[in-house]
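Here's what TrEMBL has on this protein:
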COMPBIAS  B:428-444  compositional bias 'Polar residues'
DOMAIN    B:20-59  domain 'MYND-type'
REGION    B:61-86  region 'Disordered'
REGION    B:428-456  region 'Disordered'
TRANSMEM  B:145-162  transmembrane segment
TRANSMEM  B:194-215  transmembrane segment
TRANSMEM  B:222-244  transmembrane segment
TRANSMEM  B:256-276  transmembrane segment
TRANSMEM  B:307-332  transmembrane segment
TRANSMEM  B:484-507  transmembrane segment
TRANSMEM  B:514-533  transmembrane segment
Amino acid sequence: MPPSPKTPPQEILSICKKYFIIGCFFLPWLWVVNVVYMWPLIKREDIGTQIKKYLYLSIFGAILWLIILTTWLSIFVTNRIEWGQFADSISVAIPKGV
Amino acid sequence: MTSQESSVDPEQGVFVNSVCANCGGPAQYLCEACGQTGPRYCSETCQSDHWEKGHASVCASVPSGTESEEHDNERNSRALKRSSSKVYSRGNVAQLINLKQRRSTLTSNTSTTLINAPNSNDPSPAIDPVQADEFRFYMQQVYRIIKPVVLCIVLSVLWVKLSQAPSYFIGSSGPGTSGATGSSSDSSPISASIYTAAILIGQIIVATVVIVFLFKYGFTKILVGFFMFVVLFPLGFMSYILISNIISSLSIPLDYITLIFALWNFSAVGLVSVFWKGPLLLQQAYLTVMSSLMAFSLTGLSSWTTWILLGLLAIWDLIAVLCPFGPLRILVESSKENQREIPALLYSVNAVWLMAAPKLSNQIQPTISSTSLQTHTDSSPSSFISSVNSVSTKTSAATTPSGEDIPLSENLSHNIYNRNIEVGVHNNTEVNNSSNSLHTNGNISENNELSDDEEEDERNGLKLGLGDFVFYSVLVAQAATFDWITTIACIVAVLTGLNATIFLLAIYRKALPALPISIVFGMLFYFVSRWMLVPYAQTLGVFLVAV
C-alpha cells in the first residue's frame with residue numbers, strides 16, 4: 001500500500017508532514033494511517049531522515065491517544081452507574097434495567 | 001516474392017531480411033504466421049496493403065479462405081475484448097477503444113510477430129498467449145470489481161440485521177430501526193408508495209441532469225465542492241445514525257464524547273483519503289463503507305416504495321445510458337470530447353496513488369498516448385468520485401419528502417454514476433483517461449515495465465459507479481429485512497446480474513447500465529422466494545419438528 005515509487009521524494013515528505021499536521025486536530029486515526037502507509041518508505045534514502053521523525057511522532061501520538069481513550073472508556077463504563085445523572089446525560093443510550 | 005526470398009537468410013539474422021515487402025523501406029516486423037520465412041513489414045499499414053496485394057493467398061495462417069476469416073474475427077474479437085474492458089472510461093472512452101483496437105491489431109500483427117520472430121513460433125490455434133493473457137487479465141478485473149460489491153452488500157445486510165436486533169434500550173432508536181420494522185409491513189397504501197418513489201426518482205433525475213450540466217459546461221469547482229459536501233454527509237451523519245441504532249440494539253453503554261471523537265476521526269480520514277492523496281486500499285474501503293451506509297439509510301423507506309423505486313431506477317438507468325439523449329451518455333461523451341475528467345463517483349479497481357486537489361482535468365492526458373504519462377494528472381480526485389456521491393446525497397437530503405430522511409442526493413449521485421460500468425481508474429471517472437494514465441503512470445512507475453503493463457493498465461480495471469453499489473445494497477438490504485432465504489437469493493441474483501452485465505460489456509464495448517439486469521433478477525428472486533420458498537421452508541421445518 002505504500003505510495004508509488006515514482007512520486008518525487010519531496011512530495012512524499014510533504015504528504016507525510018501534512019498528514020502529521022492534520023492529525024494534530026484530534027485525529028489519531030490519521031496518524032495510524034500515516035504510519036502504516038509510509039512505513040516502508042522509511043528505508044528509502046532519497047527521502048531523508050525527516051520522514052522518520054514524522055513517522056515516529058505520529059506513532060507516538062497515536063499510542064498516546066489510544067491510552068487516553070481506553071482509560072476514559074474504562075472509567076466511564078465502570079463508573080457509569082455511580083455517576084448517575086451526569087452519566088445519563090452523556091450516554092448515547094441507556095440500557096434498560098440498570 | 002523477392003522480399004520473401006531475400007528474407008530467407010537465417011545465417012545473417014534479421015537484418016538481411018529487414019526490407020518491407022510492401023514499400024521496400026527498413027522493416028522491423030514480420031508476418032506472425034509465416035515466421036522467419038515470411039515477409040517483413042515496416043508498419044501495420046504496409047502489412048495490410050501487402051495482405052491485400054497477395055499475401056492473403058500465401059500466408060501460412062491461411063490454408064483456406066474460411067480460416068482467414070476466422071483469423072480476422074479472432075483479431076477483431078480480441079480488439080473487442082480489449083476495448084470493452086475499458087468500456088467506459090470517462091474521459092477517453094473513444095481513445096481507449098481506438099487505442100485498444102490499434103493496439104490489438106498491432107500486437108496481433110506486429111508485436112507478437114516481433115516477439116515470436118526469434119523463436120519462429122507459429123501462433124498456436126488453441127490459445128494464443130496474448131489472448132490467454134487477456135482472458136486472465138479480464139477475469140482478474142472481474143474478480144476485483146466483484147469483491148467490493150460483495151463487501152458492500154454484506155455490510156449493508158450486516159447493518160440491517162444489527163438494527164433489527166431486539167432493542168433493550170429506552171430512547172434513541174433512530175430512523176433505521178423504525179424503518180426496518182416499518183418496511184416489513186405492507187400496510188401503507190400502494191398509491192402513497194408510488195408517489196414517494198416517483199418523487200425520489202424525480203429528484204434523482206434532476207440531480208443527474210444538474211451534475212451533467214455542471215460537468216459539461218466546466219463548473220468543476222462547484223462540482224467538487226458539492227461532492228465534498230456530499231461525502232461528508234454519509235460519513236458523518238449516517239454513521240451516527242447507524243451507530244446509534246446498533247448501540248440501541250446491542251445495549252452497549254457508550255458516551256457521547258467517545259462517539260463524537262470516533263465519528264470525527266472516521267469522517268476526517270475518509271475525507272482525506274477520498275479527496276486527497278491516500279492509500280488506495282483505504283479509499284476503496286471508505287467508498288465501500290459509504291455506499292453501504294447510504295444503502296442502509298434507504299432501508300428506511302417502506303418496502304413497496306423501495307421496490308417501485310428500484311424498478312423505476314432500472315428503467316431510468318437504461319434510458320440514461322443507452323439513449324442518445326440520456327444524461328449519462330452525454331456525460332460520457334462530453335468527457336470523451338473535452339478530455340475532461342468526470343468528477344464522478346466511480347469505484348475504480350486500479351486506483352493508483354491518489355489524487356490531490358482536483359486538478360480538474362481540463363488536461364486529461366489521454367492514457368492512450370501513454371507516452372505522456374504524467375503522474376500529476378492522476379490527481380484526479382478520487383474524491384471526485386466519492387464527492388459525486390456525497391454531492392448527490394446531499395442534494396437528496398435537502399429535498400427529502402416528509403417522512404423519509406433519505407438523502408436523495410446520494411441516490412442521485414449514485415444513480416448518475418452508477419449507471420456506467422467503466423473500466424478505468426477509480427479516481428476519476430473523468431480521469432479515466434487520466435486514471436488510465438494514472439494507472440499507467442502508476443504502474444509504469446511501479447513496474448518500470450513495457451508495453452505489457454501499459455497495455456494492462458489501459459485495459460484496466462472496470463469502473464463501477466458508486467450508485468450501482470448503493471442500489472445493489474439497497475435491494476439486498478430490503479430483502480434482508482424479511483428472511484435469510486430472501487437475502488441469500490437476492491445476493492446471488494444481484495451478482496449474477498453483475499456478471500451478465502460485465503459479459504455484455506465485453507461484447508458491446510461501451511458504457512453500459514449496471515442496474516437493470518441485476519435489479520430485474522433481484523426483484524424476481526425476491527418475490528419468488530418470498531412467496532414460495534419461505535413458506536415452503538417453514539412448512540418443511542414444522543414437519544421436521546412435528547415428526
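Glycine is no exception: its Cβ is also placed from the backbone N, Cα and C atoms.
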Worksheet entry | Per Cβ pairs under 8 Å, the stretch of B:194-215, B:222-244, B:256-276, B:514-533 packing most closely against the transmembrane segment (B:307-332) | B:194-215
Fill in: Top partner of the transmembrane segment (B:256-276) among B:194-215, B:222-244, B:484-507 - counted as Cβ pairs under 8 Å
B:222-244
Worksheet item: Residues of the same chain, at least six outside the transmembrane segment (B:484-507), with any C-beta under 8 angstroms of its C-beta?
Response: 80-81, 84-85, 87, 138, 142, 145-146, 149-150, 153, 157, 421, 462, 472, 475-476, 513-514, 517-522, 524-526, 528-530, 533-534, 537
Worksheet item: In the predicted model, what is the mean pLDDT computed over the domain 'MYND-type' (B:20-59)?
Response: 76
Worksheet item: Mind checking how the domain 'MYND-type' (B:20-59) divides into helix, strand and coil residues in DSSP?
Response: 18 helix, 6 strand, 16 coil
